[in-house]
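Visitor: Before anything else, here's the structure in question.
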């Protein structure tokens, strides 16, 4: 009986060591992948989305105040094409990351770099919302247990 207990303890310890080693390896692999991937397209896409939202809110506020001659902001087909291209390239880059955990870390990195440029908490909220929508927009569904703002408590 004592030998069986020792054997079970050894097997459990071995499983724990293998699991820990695999986790560390995957963590290092993600770090390498994040260094190799260019998240600029995602940053550009998110910045464009926030800019569009602000313009729409400004236009709506002017309309509510009774200003009837609002200058309508028309985006050209070239602008739509550029936005679409940024999104496509962003999705491609995120898709190259081999795990949801790594994709989440990429979104956190984007948040960290973009939040410094936000002017106020409303823009930070928009940034967070856009980053949370990005995986679904790219077609790989929401990331489970991913808080794009790691500083938020």
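Positions of Cβ are set from backbone N, Cα and C atoms, glycine also.
Below are the features I grabbed from Swiss-Prot:
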{"type": "DISULFID", "residues": "30-102", "note": "disulfide bond"}
{"type": "DISULFID", "residues": "42-90", "note": "disulfide bond"}
{"type": "DISULFID", "residues": "91-138", "note": "disulfide bond"}
{"type": "DISULFID", "residues": "91-138", "note": "disulfide bond"}
{"type": "DISULFID", "residues": "104-146", "note": "disulfide bond"}
{"type": "SIGNAL", "residues": "1-22", "note": "signal peptide"}
Visitor: Consider the disulfide-bonded residues 30, 90, 91, 138 and say which one has the Cα lying nearest the Cα of residue 104 (disulfide bond).
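Guide: Sorting the disulfide-bonded residues by distance from residue 104 (disulfide bond), the top entry is 30.
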Visitor: Please give me the disulfide-bonded residues out of 30, 42, 90 that lie within 10 Å of residue 138 (disulfide bond), comparing Cα atoms only.
Guide: 90
Visitor: Long-range same-chain neighbours of residue 102 (disulfide bond), Cβ under 8 Å, sequence gap at least 6?
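Guide: The list for residue 102 (disulfide bond) reads 29, 30, 33, 34, given in order along the sequence.
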Visitor: Let me spell it out: for each of the disulfide-bonded residues (90, 146), count the other Cβ atoms within 10 Å of that residue's Cβ, using every protein chain shown. Which one has the most?
Guide: 90
Visitor: I'd like the number of other C-beta atoms within 10 A of the C-beta of residue 91 (disulfide bond), please.
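Guide: Other Cβ atoms found within 10 Å: 19.
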Visitor: According to DSSP, does residue 146 (disulfide bond) sit in a helix, a strand, or coil?
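Guide: Assignment for residue 146 (disulfide bond) reads coil.
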Visitor: Take the C-alpha atoms of residue 91 (disulfide bond) and residue 146 (disulfide bond) and report the distance between them in angstrom, rounded.
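Guide: One finds 17 Å between the Cα atoms of these residues.
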Visitor: Round to a whole number and give the Cα-to-Cα distance in Å for the pair residue 90 (disulfide bond) and residue 146 (disulfide bond).
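Guide: Taking the Cα atoms only, residue 90 (disulfide bond) lies 18 Å from residue 146 (disulfide bond).
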Visitor: What's the CA-CA gap between residue 146 (disulfide bond) and residue 42 (disulfide bond) in angstrom, rounded?
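Guide: Given the Cα positions, residue 146 (disulfide bond) is 17 Å from residue 42 (disulfide bond).
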Visitor: Please identify which of 30, 42, 104 has the densest Cβ environment, defined as other Cβ atoms within 10 Å, among these disulfide-bonded residues.
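Guide: That would be 42, with the highest Cβ count within 10 Å.
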